[in-house]
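Features reported for this protein in TrEMBL:
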- 24-91: region 'Disordered' (REGION)
- 49-66: compositional bias 'Basic and acidic residues' (COMPBIAS)
- 205-212, 287-291, 349-352: GTP binding site (BINDING)
- 370-383: domain 'SRP54-type proteins GTP-binding' (DOMAIN)
Amino acid sequence: MEIVILLVVIAVVVIGALGGLVVGSRRRKQPPPPPSATPDITAPPAEPHVGDEAETPREEPRRTIEEVDLPDTSGAVAVEERPAAPEIEIPEPTAGRLVRLRARLSRSQNALGKGLLTLLSREHLDEDTWEEIEETLLTADVGVQPTQELVERLREHVKVLGTRTPEELRGLLRAELLTLIGPDMDRTVKTEPEASKPGIVMVVGVNGTGKTTTTGKLARVLVADGRTVVLGAADTFRAAAADQLQTWGERVGAYTVRGPEAGDPASVAFDAVKEGKEMGSDVVLIDTAGRLHTKTGLMDELGKVKRVVEKHAPLDEILLVLDATTGQNGLVQARVFAEVVDITGIVLTKLDGTAKGGIVIAVQRELGVPVKLVGLGEGPDDLAPFEPEAFVDALIGD
Ligand SMILES: Nc1nc2c(ncn2[C@@H]2O[C@H](COP(=O)(O)OP(=O)(O)O)[C@@H](O)[C@H]2O)c(=O)[nH]1
Ligand SMILES: [Mg+2]
């Protein structure tokens, strides 16, 4: 009797363990580690631990022989059931995203575009009205200098026009806003790989501005364009930051290089580029931490990350992520970061949540660097290449 009980117990344990293994292997989503993975790079998600879901299969009702459907052999060749491959998402194409997401700019549209058009349509454009126009621009964060330039030019043109039709006003405003934004600036994100090295992009900015989200979205953009991507989780301050980035990567099959928690961000960045090179990847995207409590600390850290990465090759792009809802505060941050590293492009996030679309103009003026990407939501494909014409059209409406 004891022997029978013992056998039953053993059988249950074995079945449970087997079930656990199957579940475990299905759970692995991270793409296979690169051939050269070095020990200091944290491996993809761990194997299931003892006890992990080992219980589940035991509770599943077991099918009896009578219930098993026999394969239908009358039709085509029976297809063998294979374990599901990790689900890799196909991101949306990037062309025309800003046009598609233009409704997200409705707050800026109402406050800036419509506001200005209404004011300009007044029969008498007296001093008070011009002051209101100026206020509208300043409230939308266009910035003092650009506002004065715009108002001056509008005044001149309106004088010449005499009577103004709504179409003329719209055309005028469109042209002048475009001039301020700079339609001819090169806004391509430099990610072209060269013979011996991937394109290298570093993402910097204050915590909470959307760096990790932007890095993840950018990886999707690149994958959608047919590139292979390696992510470097150089925000080693919190383990959750690396997890967040890795999750973004896994969704599109991009490998994430991580380091130990509180480890050296520069060495993670270095390893990421090394992996990118060895895997023959097209682009390496490096996410960084953005603690700003001391400027010197930040300067030291980012400066070091940059120097260490440049032992491999120069960085192609340093993107500064700014939260558009923070207004003038964002400009202060921009100044600090520009002192530390050579910013080559700006990403303005959360433009969907603000009426202050004029920040695009102000921040470009401040840094003399173009806005290259804009964030228009929390969704995975809510990052758009910045197109001045589509942006202005969205602001002033059709
Ligand atoms: N509405 C909106 N939210 C955004 C956008 N970009 C990022 N976020 C949100 O901002 C929060 C902080 O983002 P995260 O990438 O973790 O910031 P980080 O600390 O700079 O890495 C998250 O909740 C994001 O979903 C955007 O363009 N629009
Ligand atoms: Mg982050």
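Indices start at 1 and increase along the chain as displayed.
Glycine is treated like the rest: Cβ placed from N, Cα and C.
Please treat TrEMBL annotations as automatic predictions, because they have not gone through curation.
Helix, strand and coil counts under DSSP for the domain 'SRP54-type proteins GTP-binding' (370-383) come to 0 helix, 6 strand, 8 coil. Thr288 (GTP binding site) falls within a strand segment according to DSSP.
Taking Cβ-Cβ distances under 8 Å and a sequence gap of 6 or more within the same chain, the neighbours of Leu351 (GTP binding site) are Arg104, Leu105, Ser108, Ala324, Gly357, Val374, Gly375, Leu376. If you take every residue in the domain 'SRP54-type proteins GTP-binding' (370-383) and average the pLDDT, you get 96. Among the binding-site residues Gly205, Gly208, Lys211, Arg291, the ones whose Cβ sits under 6 Å from an atom of ligand 2 are, in sequence order, Lys211. For the binding-site residues Lys211, Arg291, the largest tally of other C-beta atoms within 10 A is found at Lys211. The number of other Cβ atoms within 10 Å of the Cβ belonging to Thr288 (GTP binding site), over all protein chains shown, comes to 30. For Gly208 (GTP binding site), applying a Cβ distance below 8 Å and a minimum sequence separation of six or more within one chain yields Gly290, Asp323. Among the binding-site residues listed (Gly208, Lys211, Thr288, Arg291), Gly208, Lys211 have a CB atom closer than 6 Å to some atom of ligand 1, in sequence order. The Cβ of Gly205 (GTP binding site) lies under 8 Å from the Cβ of Lys211, Gly290, Leu320, Val321, Leu322, Gln333, Phe337, Val347, each of which sits 6+ residues away along the same chain.
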